[in-house]
Structure formats: structure tokens, C-alpha cells
Amino acid sequence: MSPAPDAAPAPASISLFDLSADAPVFQGLSLVSHAPGEALARAPRTSCSGSGERESPERKLLQGPMDISEKLFCSTCDQTFQNHQEQREHYKLDWHRFNLKQRLKDKPLLSALDFEKQSSTGDLSSISGSEDSDSASEEDLQTLDRERATFEKLSRPPGFYPHRVLFQNAQGQFLYAYRCVLGPHQDPPEEAELLLQNLQSRGPRDCVVLMAAAGHFAGAIFQGREVVTHKTFHRYTVRAKRGTAQGLRDARGGPSHSAGANLRRYNEATLYKDVRDLLAGPSWAKALEEAGTILLRAPRSGRSLFFGGKGAPLQRGDPRLWDIPLATRRPTFQELQRVLHKLTTLHVYEEDPREAVRLHSPQTHWKTVREERKKPTEEEIRKICRDEKEALGQNEESPKQGSGSEGEDGFQVELELVELTVGTLDLCESEVLPKRRRRKRNKKEKSRDQEAGAHRTLLQQTQEEEPSTQSSQAVAAPLGPLLDEAKAPGQPELWNALLAACRAGDVGVLKLQLAPSPADPRVLSLLSAPLGSGGFTLLHAAAAAGRGSVVRLLLEAGADPTVQDSRARPPYTVAADKSTRNEFRRFMEKNPDAYDYNKAQVPGPLTPEMEARQATRKREQKAARRQREEQQQRQQEQEEREREEQRRFAALSDREKRALAAERRLAAQLGAPTSPIPDSAIVNTRRCWSCGASLQGLTPFHYLDFSFCSTRCLQDHRRQAGRPSS
């Protein structure tokens with residue numbers, strides 16, 4: 001990869017106010033046209049195709065006979081290109097987009113020179129096609145801004161600045177100056193002599209800068225760089241965090257009548273009056289009349305401060321009026337000074353800035369030109385298709401011909417169908433060590449899952465050892481013989497017996513295998529021997545299967561719990577459940593110095609006292625849970641009885657309720673037991689007369705002899721009884 005090109009050299013900046021008329025940079029000045037080779041300079045004509053005028057001779061020469069041209073060409077702008085990069089850059093130009101819009105509107109197209117002059121002078125009204133340039137209506141102002149936003153984009157070719165003018169002096173230096181400080185607008189084509197004179201006069205002598213945006217106004221009168229007078233206004237006209245002026249908001253939809261909206265409307269009117277009164281004053285009016293340059297920055301919705309209406313301070317067709325071609329901040333006096341300083345700065349280059357920017361552009365790539373492959377013609381394509389069809393036909397006939405020659409040569413091809421099962425358990429880590437599920441399951445489900453997980457884990461280790469060409473029968477073969485051949489040659493029977501017992505949890509078979517020869521070195525070596533490339537031992541297999549009794553027996557027989565598999569996991573970490581892990585902890589409590597339990601990752605011993613405390617804690621938790629459930633059940637039953645009593649009391653008539661209440665009062669006065677209540681369901685008669693809710697612990701609402709739990713029930717009862725609530 002070639003190194004990145006160096007950045008374009010930075011120009012020297014000099015203020016026009018700091019130069020004298022006989023400064024060296026002004027000696028031998030001349031107006032520079034666009035450099036040859038750029039897209040915008042290759043059109044020495046005044047119209048383009050589609051404009052209804054005669055085509056240029058250059059285009060006729062380019063067109064030639066009616067054949068398919070191999071040149072890169074833009075038919076809209078009548079331009080040719082050397083490579084695709086130049087063509088793509090041309091399609092991004094505002095000039096090309098403008099000509100496309102003009103062609104769609106059946107309007108005359110502009111050449112590169114005309115378009116550059118129109119855009120550099122800011123005379124975009126002619127570009128937009130407006131005929132009435134003297135109209136000062138708000139609709140025309142909106143059209144002007146819309147066209148300006150469309151055609152003044154920053155997607156221009158390298159070194160092309162539409163608002164600047166390029167000069168060259170006798171020393172070979174190139175000077176860039178902003179067009180807006182070189183005198184008023186001129187009808188195209190502009191006279192180079194006037195531009196040179198204005199440049200040598202060191203910028204505008206009398207200049208007025210006006211800016212307005214978002215309730216802010218700033219204006220200043222300059223003589224050179226000296227400030228004659230300045231004024232700023234600020235009114236609250238834009239709602240915070242919305243960014244839209246109140247007047248523009250009202251124009252889009254129904255006006256708001258809030259206090260804030262009314263305040264913003266009042267401030268807009270006040271700001272309009274203040275600015276108009278300021279610019280109509282004697283000092284400002286005289287300055288606007290005598291100024292050689294007027295610089296303006298205002299949004300489309302805020303231009304009514306300066307244009308339109310009675311006594312407008314500015315006229316749209318004024319040749320001294322220029323839009324500020326810079327990005328500006330909030331209108332303040334400091335911003336006015338910054339804008340004037342920026343516009344009156346002269347940039348001096350030692351070489352052509354257009355060519356330098358183009359060469360140093362990251363879009364410029366230097367490539368070796370290779371001869372392109374010649375594209376096949378239609379006749380060649382048809383011939384290729386015929387050859388392919390003939391070849392396919394021969395291939396279809398070849399089996400028939402081959403059947404006859406089979407007997408002669410005595411050669412037969414036998415095809416064998418092989419079924420291959422591809423396992424993907426090695427890609428899933430959870431198959432080796434299942435995740436702990438939060439949902440509680442019964443012991444039968446747990447035992448089945450543990451057994452299946454152990455079989456899947458051991459089967460995965462077997463599949464990792466097998467080559468990819470084995471059939472499904474080899475995959476389904478018993479695990480023992482394969483492990484015997486790999487790890488325990490010479491004693492497969494003992495190995496198979498131990499492995500099968502560990503899988504199934506058969507403690508009796510293990511005792512028979514280990515009891516006759518507890519000190520046999522062969523058995524001791526097999527207890528901690530790895531199972532295949534996975535490095536699983538018998539202790540790993542028993543722990544993964546959740547066989548706690550087998551784990552205890554293997555540990556007592558001498559199995560090493562510190563042996564790790566190929567993934568550096570000891571048997572304790574692959575245990576399927578807590579009971580299996582507890583066997584390691586019990587063995588650690590009985591044999592604290594037998595192994596390095598830190599390496600085995602056993603957290604600590606499990607003593608009988610600890611197990612007793614855990615059992616007691618579980619019993620207490622179980623009893624508390626049972627008591628809590630019984631209490632909740634009693635509470636639910638009580639609430640259900642209360643709801644039933646409430647429904648039955650509310651269903652009684654007023655006469656039955658009065659009789660029941662009188663009976664209760666009489667029984668309370670006499671101290672005698674009350675008679676059974678009908679249906680024996682209404683236990684508490686002190687209830688709301690309307691809804692039947694209990695009044696125990698409440699302060700009831702009364703009227704007459706009735707009691708209610710709320711005013712709503714009281715009003716409902718009165719309405720039902722036909723009595724007014726007042």
C-alpha cells in the first residue's frame with residue numbers, strides 16, 4: 001500500500017486592511033480562470049444540449065457517427081472525462097444537478113463559466129428562473145432562500161469556491177478573496193478590471209453588517225475595520241428546546257393562546273418595531289444609503305425585518321447587498337466583528353490551490369492503467385450458447401454409449417451409500433455441564449436428567465476421538481472397548497466392568513470388583529485413569545451421573561479427586577447435584593490430609609454437626625412455611641365468609657334489616673342470648689345499610705336510623721327511597 005499523500009499546504013492569511021495599495025502581493029495582479037483539466041473548465045460554450053439552441057461544434061465532434069461511444073461522457077453538461085472518478089465527481093456538482101433541473105423544466109441550461117459567475121456573485125435569482133427581481137414580497141423571499149439552499153451545497157469539486165475569486169500576482173502567488181468585499185454585483189460576465197481595482201483598494205471602506213436570528217438582532221457600521229456604531233436587541237420569541245419562532249409556529253397551524261405564546265408574539269412585534277425604528281433613524285439610514293457593501297444574515301422567516309412592508313430599510317435588488325457566505329453563530333457584536341475579519345482576509349498560496357487540493361484529495365487514486373478485456377459481441381455469445389447446448393447433448397448420450405462398452409472393457413463402477421451422523425454436542429458447553437434450572441422438579445425427573453446428562457457427556461468425549469469418516473454404527477458402538485484400546489490396553493474386561501458400574505450406580509458390582517484385591521495396583525491405576533482425550537476419570541463419570549454412593553466408594557477405594565480433565569475441571573466441579581458434591585465434603589472431613597483439596601476445588605469439610613444444623617434449619621423452614629400457608633388459608637376463608645355475609649345482608653329488605661337490628665338491640669339491653677338469625681349466615685349485623693360492608697372499626701354516616709360506610713352509599717340509599725339528598 002502506498003503511503004498517504006501529504007496534506008495540502010496551508011495558505012498565508014493577510015487582512016486587506018493591513019495591506020497598502022503598492023504591496024508586493026498586489027503587483028502584476030490578474031484574474032485567474034479555472035485550471036484546465038477540471039470538470040468545470042472544460043465547457044467553452046454558453047448553452048448545453050436540451051436548451052433548444054444550436055449544439056456546439058465540440059459536441060458534434062464528440063458525437064461523431066451514431067455508434068456506442070466508449071468515452072466517459074455527460075450528455076446533459078456536454079462533458080468528457082478521463083476516468084470514472086472524474087465522472088463521479090462531476091455528477092456530484094451543483095452545476096450538473098442544476099442543469100438536470102433546468103432540463104426537466106424545459107429551461108435553458110448554463111455552461112460551467114456562466115454557472116460559476118452566477119453562484120460566485122450570489123445572483124441566484126437568475127439561476128432560479130425568477131423574472132420579477134424587483135418584487136419584495138415574502139413569497140419571492142422564500143423562493144430565493146429555497147433556491148439558495150438547493151444550489152449552494154458543499155458537494156463541490158476540490159478547490160472550487162463559488163463565493164471567492166482567484167487572482168495571481170507577478171510573483172506567481174495565488175490570492176483567494178471573497179467576492180462580497182470586492183464591490184457590488186455586476187451583470188455577467190464580470191469585468192476583471194473592476195475586481196482588480198476593488199481588491200487593490202483593500203476592501204470596502206464603508207460597510208454595514210446586519211444579522212438576525214431567533215429573537216436576536218445585531219448591526220454595526222464599519223469604516224474599514226473601525227466601528228462607527230453598533231446596536232443589538234434580544235427578545236424572547238422562541239420557545240426553549242423547540243427552536244421555532246412563534247410566528248412561524250402560528251403560520252403552520254392553529255395559534256396557541258397560552259401565556260407564553262402571547263408573550264412571544266408581543267416580543268416579535270416589539271423586535272420588529274425596534275429594528276425598523278433603528279434602521280430608519282438618521283444615522284443608520286444615512287449609513288445604509290452611503291455604504292458600498294451591505295452584508296446580511298437572516299433566516300427565511302426573519303427577513304421581514306429588512307424586506308417588505310412600508311418603509312423597508314433594504315431592497316432586494318440592491319447590488320450592494322450580499323448574503324454572508326459563512327457559517328455564523330448567534331448574532332452578537334463580537335460575531336459581527338468576526339464575520340468582517342473573516343471576509344476581509346486574503347489567502348495567499350504559493351501554488352495553484354485548485355490543483356493542490358485535487359492532488360492531495362483522499363478521493364484521488366493513482367492506478368496503473370491496464371488494458372480492459374474486450375467484451376464479446378452478440379454473435380460470439382450465440383456461438384458460446386450453441387457450443388454449451390451441444391456439450392450438454394453429448395453428456396446426455398454418453399451414458400447410453402457407455403452401457404455398450406461396459407461389457408467390452410469389463411469395468412464396472414460400484415456405488416456405496418454411507419450414512420454419516422454428524423454430532424454437534426461438542427459445540428454446546430451446556431451438554432457437558434448442564435445449567436441449574438430455577439424451576440423445582442421432583443426427584444424422579446432429576447435422576448432421569450442426571451443419568452441422561454452423564455451419558456451425553458461421555459458420548460461427547462467419544463465423538464471427539466472418532467475421525468469424521470466413521471459411520472453411524474461406529475458412533476453408536478459401546479464406549480468401553482474404544483477407551484480400552486486408547487487408555488487401558490491389556491485389561492478391557494476390568495475397565496468395562498468398572499465403567500458400567502459407575503454409569504449405572506451399581507454399588508454391588510463395584511464392591512465385588514474392588515473387594516477381592518483392594519491393593520491390586522492394576523485396579524488402583526484404573527481408578528484415576530483418564531477416559532479418552534477428554535481426560536474424564538471414573539470419578540468424573542460417577543459425579544457427572546449424580547451417583548453419590550459410587551463417588552463415596554471410589555474415594556474410599558483410592559480414586560484421586562485432584563485429577564483434572566482436559567478442560568482443567570476436577571470431579572467436584574462436574575457433579576450433577578448438591579448431594580453428590582456433599583460426598584466429596586464428607587470424605588474431606590474424614591480424611592483431611594489425604595489430598596490437596598484446594599486443587600480438587602472442594603470448598604470445605606461437611607461434619608455431622610453441620611448436617612444436623614442444616615436438617616434442623618430445613619425442618620424449621622418447612623414448619624414455618626406450613627404455618628404460613630395455613631394462616632393464609634384461614635384468612636382467605638374468613639374473607640370469603642365476610643363477602644358472603646355482605647352479599648346476604650345487602651339482599652335483605654329494609655324491613656328485615658330493621659327487625660334484625662331491633663332484635664340485636666333488645667338482646668343487648670336484656671343481656672340475653674339472641675335468637676338464631678335466619679340462614680345463620682349473617683354474623684355481624686352492624687353493617688352498611690346499602691352495600692352490606694362491615695362497619696367494625698369505622699365511623700359510620702347516619703341519617704334517620706340508617707348507617708352507611710360512605711357518603712356514596714348514603715346518597716344511593718336516599719335516591720332509592722325517593723328522598724332528596726339535600
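Heads up, the Cβ atoms here are built off N, Cα and C, so glycines get one too.
What Swiss-Prot records for 120-130, 457-473 is compositional bias 'Low complexity'. Taken from Swiss-Prot, the feature phosphoserine covers SER258, SER361, SER398, SER533, SER675, SER680. The annotation phosphothreonine is assigned in Swiss-Prot to THR607. Annotated repeat 'ANK 1' per Swiss-Prot: 493-526, in sequence order. As annotated by Swiss-Prot, zinc finger applies to 72-96.
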Task = Pop the Cα-Cα gap between SER533 (phosphoserine) and the residue listed as 'phosphothreonine' into the table, whole Å please.
result = 36
Query = Just the number: how many Å between the Cα atoms of SER533 (phosphoserine) and SER258 (phosphoserine)?
reply = 80
Request  = Find, for the listed modified residues SER258, SER533, THR607, the residue with the lowest Cβ contact count at a 10 Å cut-off, counting only other Cβ atoms.
outcome  = SER258
Ask   = Over the repeat 'ANK 1' (493-526), what does the predicted model average in pLDDT?
value = 72
Query = When the zinc finger (72-96) is classified with DSSP, how many of its residues are helical, how many are strand and how many are coil?
reply = 11 helix, 6 strand, 8 coil
In three-state DSSP terms, the structure that SER533 (phosphoserine) belongs to = helix
